[in-house]
């Protein structure tokens with residue numbers, strides 16, 4: 001039966017007795033829940049001083065190393081002994097083959113009352129192993145023999161894996177994370193979870209159901225790897241009516257900042273209703289035009305959220321965020337999430353006052369914000385499929401009917417570069433003379449803006465559709481059929 005000795009994060013033993021006891025209990029419970037999700041039974045779990053001894057019926061080293069609150073986990077052999085000589089022989093007999101023809105070092109930690117020191121143990125074991133090795137090298141050994149002596153038991157370390165540290169999940173409250181699925185928001189979610197906060201995901205569907213399903217897949221991967229001691233929720237809000245409202249009533253350069261403010265407003269209402277302690281975003285200072293310090297101050301001042309807004313990545317640059325994404329195993333998943341078609345791709349204002357922002361928000365139909373905040377959809381990350389998490393729209397299609405009028409709604413430069421055969425650019429379309437008895441298929445890069453336009457055209461009596469997932473997904477599908 002595999003046995004593991006877990007070194008908890010260094011801050012846990014420093015807490016008060018009451019808090020320390022609560023954190024150990026939560027950590028052991030999280031370990032049990034995570035292993036149970038992998039059909040692994042936790043046979044034994046007990047606190048030994050500042051460490052936790054765990055026994056499982058099958059190998060579980062990697063699973064244990066993915067639990068917040070764990071600093072290091074080591075597979076160990078438990079040795080009982082009566083004196084130093086017996087202990088040294090037990091250790092040597094189990095490690096001879098490991099040190100054979102290699103330079104080695106013996107590292108010993110000891111606690112409790114003994115008639116010997118840690119150095120005595122190291123010397124005795126080293127003397128027994130030296131004839132089988134290339135000698136002792138304390139500075140640059142090929143292999144280390146690591147032993148921890150506690151009372152009348154010794155723990156001989158073998159496989160070791162580093163954990164994430166932090167605090168046990170659920171020990172610090174609940175957070176609602178604004179989640180796009182790109183590089184930033186998953187790393188922000190991971191960082192706040194590392195501090196003991198259970199996170200749920202709030203995703204705004206900006207038009208393309210395909211992009212939103214990709215975001216759900218990132219949330220599931222993050223949950224499987226790091227959050228499996230509870231059941232995270234994926235909450236979606238159809239933001240397309242608000243985007244349409246912004247495009248109709250707000251000048252080009254202000255749209256992105258107004259959109260961010262509306263995201264805060266809806267998130268704050270949902271967080272308050274569902275009892276979250278905080279809202280978390282993946283914002284990094286000045287990474288985007290709408291994320292300058294002036295704009296962030298203006299947005300928060302204009303919205304005045306009841307919830308505290310936490311930004312774990314505020315001081316990170318993009319390269320650091322991407323490196324974290326790689327380290328926590330999400331890079332390949334986040335890199336597949338396409339950016340939604342921008343409502344203001346250029347000339348975004350970098351400095352706005354809260355008064356100006358408030359005046360812009362007042363142009364909008366505030367009833368839409370209330371409606372969107374009340375029409376959220378909640379699914380369990382582990383049990384739902386991407387299609388259940390993000391249902392498709394009736395306006396979306398996967399292929400282009402043969403008699404369709406095809407309209408490219410991207411920039412004119414992109415249209416000239418790689419438009420679909422037979423497509424015309426949006427700027428060339430005379431909607432007064434456009435036939436209403438033929439399918440009109442619109443496309444953009446990811447399917448977001450084209451969906452909004454398709455809805456608008458349907459309201460005017462056209463048989464309008466949006467290419468699901470945009471041009472990239474459509475062309476990828478064509479490649480597969482060739």
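Cβ coordinates are placed from backbone N, Cα and C, and glycine is handled just like the others.
Here is what Swiss-Prot says about this protein:
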type	residues	note
ACT_SITE	444	active site, cysteine persulfide intermediate
BINDING	178, 179, 203, 204, 260, 282, 291	ATP binding site
DISULFID	341-444	disulfide bond
DOMAIN	58-160	domain 'THUMP'
DOMAIN	400-482	domain 'Rhodanese'
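Counting other Cβ atoms within 10 Å of each Cβ, the lowest count among the binding-site residues 179, 204 belongs to 204. Across 178, 179, 203, 204, 260, 282, 291, which the record gives as binding ATP, the greatest C-alpha separation is 19 Å. Residue 260 (ATP binding site) and residue 444 (active site, cysteine persulfide intermediate) have their C-alpha atoms 22 Å apart, to the nearest angstrom. Cα to Cα, residue 282 (ATP binding site) and the residue listed as 'active site, cysteine persulfide intermediate' are separated by 26 Å. When other Cβ atoms within 10 Å of the Cβ of residue 203 (ATP binding site) are tallied across all protein chains shown, the result is 26. Under 8 Å, Cβ to Cβ, and six or more positions away along its own chain, residue 291 (ATP binding site) finds 283, 284, 285. In three-state terms derived from DSSP, residue 178 (ATP binding site) belongs to an extended strand segment. Neighbour count (other Cβ atoms within 10 Å of the Cβ, all protein chains): 23 for residue 260 (ATP binding site). When secondary structure is read from DSSP and collapsed to three states, residue 444 (active site, cysteine persulfide intermediate) falls in the coil class.
In this view, the densest Cβ surroundings among the recorded positions 178, 444 belong to 444, judged by other Cβ atoms lying within 10 Å. Taking CA atoms as the reference points, residue 444 (active site, cysteine persulfide intermediate) and residue 179 (ATP binding site) are 22 Å apart.
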